[in-house]
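S.K.: Below, the features straight out of TrEMBL:
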| type | residues | note |
| --- | --- | --- |
| ACT_SITE | CYS273 | active site |
| ACT_SITE | HIS331 | active site |
| ACT_SITE | ASP354 | active site |
| COMPBIAS | 467-479 | compositional bias 'Basic residues' |
| COMPBIAS | 483-493 | compositional bias 'Polar residues' |
| DOMAIN | 265-357 | domain 'Transglutaminase-like' |
| REGION | 467-493 | region 'Disordered' |
Amino acid sequence: FLALKIVNVNWQSKLNKAAHHTSDYSSTEAILRRGQAFNITLSLQTTVQCGDNFTFIASTGPSPAESQQTEAIFNLSEEGASGWSATQEPSEPGCMNFTIFSPANAVIGRYKLKLQTVSGNKVSSTLLGQFVLLFNPWCPNDDVYMANEQERWEYVLNDSGIIFQGLEKHIQQEAWNYGQFEEDILDISLAILDRSLNHRQDPAVDVSNRNNPIYVSRVISAMVNSNDEKGVVEGKWNGKYYSGTNPLQWSGSVTILRKWYRGRYKPVRYGQCWVFAGVMCTVLRSLGIPTRVITNFNSAHDRNINLSIDKYIDISGKTLDLTEDSVWNFHVWNESWFIRRDLGSFYDGWQVLDATPQERSKGIYQCGPASTRAVKEGDVNLDYDSSFVFAAVNADYVTWIHYSNKRKERIYSDTRKIGKFISTKAVGTNSRVDVTANYKYPEGSLKERQVYKKALKLLGVRSAGKRTKITRPRRRSSVARRQNTTQPAQKPSISGKLILGASPVIGQDILLTLALRNLISDFKTIKVKLRASAILYTRKPKAEILQLYRSIKLGSEEVKEISFRISYSQYKNSLMDDRKILVTAVCETKQGASLLVEKDIVLQDPLLTIKVLGPTVVHKAADVQVTFTNPLSEAVTDCVLRAEGSGLLKEQLRINVARMAPMESSTVQFEIVPYKSGTRQLQVDLVCTLFSDIKGFAMLDVAPA
């Protein structure tokens, strides 16, 4: 038996990729999914009839070992202890065909495949090549198995999507380029695992745990933020973004991940929640874990997890920094689909993961996976971080006025404000699907009250807002708390509402009306303190815009309206990098009763239209026309139009836009050469110094070449 001389190894890349649903990856490498057979062909210099004395060795990680499941040694036609096996198939003379099968619980990552042959007492070993092994949602025995083909297409293979933002009463769609199949992205995702703290502490153990989606997803949730281990994105929720990119200006993950990788793993500045979630979705989809992006409106960040968010304002309506709790207009996180061997099958399915660095979990800024079933049932003691997610969708919102003499008065307790319109993109379309029912029972139902009480008990909170051993202002018991939506401390004698005029557009004045109603028959004088502030989506004030004081006399059951205007010149300098305003009105009667009226305003985007001229076909150039208008009554210079889209543009395109006179429209034309067929998303973003950017997107159907 002669020593084996292998002339060529054919990894059957096209056939294997099609069978393993990995054809979309732009790498030439063999990319395979676990729990599924793949084929290789060896071309030999000498003819070998049969490979009875062939041994295959598949290994991954820096120190492969069979005991760690990071090395598999298997002979032809017999399944090794590792669950890997190989069979020989019929072949042409001078060739040998093999089918190799990996187990459904194999470690994922980059492997080497060697062939060992024995001739007499001589053992020779040949490296056949490398391949990447991924999770397999198509394999019923894989922990990430997803039965529905449309859902697999959306949550694993769709490389673009929609992230919902805005306000509960004004939900906006933002396009996002996930780009998990673009060049280098899979390599970057694997590099993220190798840069983690766990890997640095013990590489062998870390790699051996990579067969488990619970472990892998938790590591990624820590690595997507930069807080502990120089991860991918650095968060910033205050001040200016001079030393980086304003989080609102990103349109996708590809640019961010490449910047991190090419910049030698220096965290990319800056991100906010949707950026962390968009990047995490890309990484998890690229590794084969079905993942989607979720938006929770009126999301509670409950630092001490006592299920109560206390907000303090002073007598003029200014938000005071007396608590670390907050309610964000929206918060974005991820859900990934896999089974929970650690908790039991009841908790299988969608698992919440959050890469935004809000709180430490076991000493590190990471969050999840928390089973959505655990959150819905109030099982807040279960791994991982289910109590934090429960609070995000269920806490009470309590508003206090803090007087200068340190006295404080609770003016509202709202049990229904938090955790509204929990949203994700629909399967196969860009419409919004409401998934609130996956997180909680209907507000006010008996079941919802029982779950809430169970959670309070498990958290050691006596009643909402009261942790055992923590003294806080006395509040109603948790049972009474679920009866009424908005209860002031005493029966109100006045009611009020802020009404917004026409939908305000950036560059125009904002018209508002405060309508006050006297609810009782006696005459009263009301002192009104109005305040408008520029805010972040976390509702943290950035800058004061306006303060007004008015005194109003209200007769018996009378209604009066105060109209006021916030002019462009007043808000212009505060809204250059965002367009959110919080208006508050504190209304006081002589009797000392206070009423707080609040309104969130998001200024509308000026229109941006995208027109594709002619048909889009793979490898054929097509022209795109983008038209937009300067919304301001002053000229703008230094604008840049950015465009990106997986399968349409290999790198982000940047075009400088000529000076635009006040209210002038401008059209920019550029060329795309699509390199992938199917439905593609083109994101366009106009970035200017005088106002926050204007975004738009178009869905293009690209025909094969």
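Just so you know, glycine gets a Cβ as well, placed from its N, Cα and C.
If you look at the structure here, what lies around each of the features I listed?
M.R.: Counting every protein chain shown, the Cβ of CYS273 (active site) has 27 other Cβ atoms within 10 Å.
All protein chains shown were included, and the count of other CB atoms within 10 Å of the CB of HIS331 (active site) stands at 25.
Residues near ASP354 (active site) in space but far in sequence (CB under 8 A, at least 6 apart, same chain), listed by position: SER221, PHE276, ALA277, TRP333, ASN334, CYS367, GLY368, ASP385, VAL389.
Confidence across the domain 'Transglutaminase-like' (265-357), taken as the mean pLDDT and rounded to a whole number, stands at 94.
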S.K.: Cα of HIS331 (active site) to Cα of CYS273 (active site): how many Å, rounded?
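M.R.: That separation, Cα to Cα, works out to 6 Å.
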S.K.: Write out how many residues of the domain 'Transglutaminase-like' (265-357) are helix, how many strand and how many coil, based on DSSP.
M.R.: 18 helix, 41 strand, 34 coil
